[in-house]
């Protein structure tokens, strides 16, 4: 992730003409190479493979792969929004009369909020406001994915709409002038269906201890690479600012990185990337979880480390600005923790490359701290910081806007600042 915040970011996503290569070719690579853990599992997977050769299935696939562009200007727009739990994704499709390139060209829409836990049955209508457009790698052509946020019919953001508040913070003049960059490291775990046990693990048992799996290569060390690669290509096709992927410390766990992205775009891109991953695992017959500690015991949890910098941090003398930001973050530690994802107390134990949830800490190149500063940043005297506290199920709208608010808009008292500086051995 050190490279993510060193490059110039692409601030605005522009729709370009999609590749002529049919997007369906991408999914031909989604083949699960599961280790033979039990005869029943192997038989189940082989039956699935045989069914895919069925002539009926093939006819359905041929229809899915139809290119409609030669016959109509109409396109399909998939409207995507966050559901009632604050982490679940919902979507539905509509036909548009012609291709569009900007969210302002799209109509608002509505859905039944009583079926998503976001509105009562007697007044169930929730309004979708289109906010960001991405190319659709599943349908190809001029078809699009639309990230939306959610409002009452009167135009008020509903409680689960965290994007609206984030947009307010990022539109603040002081925040806007600092051009905040975010690089987000999304970890996730792939599970075998029906048993909800990590992909590649023997059902009800465990593989060898952690060590060989991080960025590992080989059938005995890497399970789920096809899904990770398919997701990577789908994100690139869609126009998501994805910057890399890797296998994680716990087998069956993977990570992708988004960024550097500016302001509200970071949240839009992460949520769309999550949507693509949900769809790909759906097609592959694999369960996706963002649980921050999917397996108890001596196994790493899943986080969503967030790398952050401002214009002042990236300029000469920026390390002093970073230290002031760390001081502010220390004083609002518990406020950030409460907003950084559910179940995070099971992950932030002080073990497995985490800091204790109850104690704020920072360090250079120390992955056991709340906030890590890279050695390059220390050496150059400018750069970025990494907030290692967010859980894998965090809302990127909340985390990114809270980082900006705490470091750019919130001012502690001089007394509190002095005490925190002394406690953290910070000279600011």
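Don't overthink the numbers, they just go from 1 along the chain as shown.
Here the Cβ of each residue, glycine as well, is placed from N, Cα and C on the backbone.
Among the residue ranges 67-93, 94-120, 121-147, 148-174, the one that Swiss-Prot annotates as region 'Disordered' is 94-120.
Each residue of the domain 'GS beta-grasp' (75-155) gets a DSSP state, and the totals for helix, strand and coil are 9 helix, 39 strand, 33 coil.
Around residue 104 (phosphoserine), no same-chain residue six or more apart in sequence has its CB under 8 Å from its CB. For the domain 'GS catalytic' (159-428), the predicted model reports an average pLDDT of 97.
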